[in-house]
Amino acid sequence: MNYRHAYHAGNFADVVKHAVLARLVEYLKQKDKAFRVIDTHAGIGLYDLGSEEAGKTGEWRGGIGRLLDATFSPEAAALLKPYLDAVGETDASGELSFYPGSPLVVRRLLRKQDRLSAIELHPQDVQLLKELFAEDFQVRVTELDGWLALGAHLPPKEKRGLVLVDPPFEKEGEFLRLVEGLQRAHRRWPGGIYALWYPIKDRKAVAGFRQALADAGIPKIMDIGFEIRRPSSEPRLDGTGMIVVNPPYTLERELNVLLPALHALLAEEKGSGWSLEWLAGETVSG
Ligand code: SAM
């Protein structure tokens, strides 16, 4: 396990992922009934933007750094507010010192009846995560293979909620594992919302992944694509993707506001774009 999220925390891919995640959590809060979020690849939960790792890549400056003093339309600002509230305050000089990972974004949005299960396999990372949420009875941190959690932890006893699957994509076959993991999870808990992150880097692999999902026999699958560059000649993270299974009925309308607003800020090259497609269900074309 060589992947270290500290190099990438707060980059454009995190911004899109966490902004969508926040919309999903806000939707679940529309009913009083408790829900659970299960984060299968949780990371350390809080990233120091002054660290050597963050400084080495500076990726956060092209991500959350661009949102800090940006102006949005009133509708986009309202949709981004929960995410930006979860990110937290800048200091007196307008700088952000820390960026929250997915478990902390979620935790900052939970109500008192809601719960978070955060799963992480890296022994040092899981320790940091345990320290971050020490004595927080709403959060359970578990050292476990996230792919196993997709079976063992589902369905949660609340029977409402969301599963975030955000693997590091450092091994061959991660796209296939995502499809198989989702199929397994969906069989155990067909009513859950699932959000799966994926990189837009190897276009052939992405096309194969989308097709495999379309053929997976899962009724409602939305695919979000967000590219900041046109395809690079060398493999490079040109974009970020997110699959949402059982998306809230509000999500499509919200993303049609949110994604162009974020793209206007985060795109690096003209000719790059964003997309929102149904791979299964609703308004699949073709
Ligand atoms: N979800 C986090 C966020 O948005 O802030 C970032 C997660 S990072 C992309 C992937 C994480 O998965 C890393 O912290 C890595 O240590 C962890 N990891 C790698 N393999 C794992 C596995 N099989 N089960 C659980 N965690 C794993």
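From the backbone N, Cα and C atoms, a Cβ is placed for every residue, glycine too.
Annotation for Tyr3 (site 'Interaction with substrate rRNA'): spatial neighbours Pro168, Phe169, Glu170, criterion Cβ-Cβ under 8 Å with sequence separation of six or more. According to TrEMBL, the feature site 'Interaction with substrate rRNA' maps to Tyr3.
Taken from TrEMBL, the feature S-adenosyl-L-methionine binding site applies to His18, His41, Ser102, Glu120, Asp145, Gly146, Asp166. For Gly146 (S-adenosyl-L-methionine binding site), applying a Cβ distance below 8 Å and a minimum sequence separation of six or more within one chain yields Thr40, His41, Ile119, Glu120, Leu121, Val165, Pro167.
Annotation comment: TrEMBL describes Asp166 as active site, proton acceptor. Asp166 (S-adenosyl-L-methionine binding site) has a Cβ environment of 23 other Cβ atoms inside 10 Å.
Cβ neighbour count for Asp145 (S-adenosyl-L-methionine binding site) (all protein chains, 10 Å cutoff from its Cβ): 13.
Residues His18, His41, Ser102, Glu120, Asp145, Gly146, Asp166, recorded as binding S-adenosyl-L-methionine, reach a greatest CA to CA spacing of 22 Å.
Long-range Cβ neighbours of Ser102 (S-adenosyl-L-methionine binding site) (same chain, at least 6 residues apart, Cβ-Cβ under 8 Å): Lys17, His18, Leu21, Asp39, Ala42, Gly43, Leu164, Asp166.
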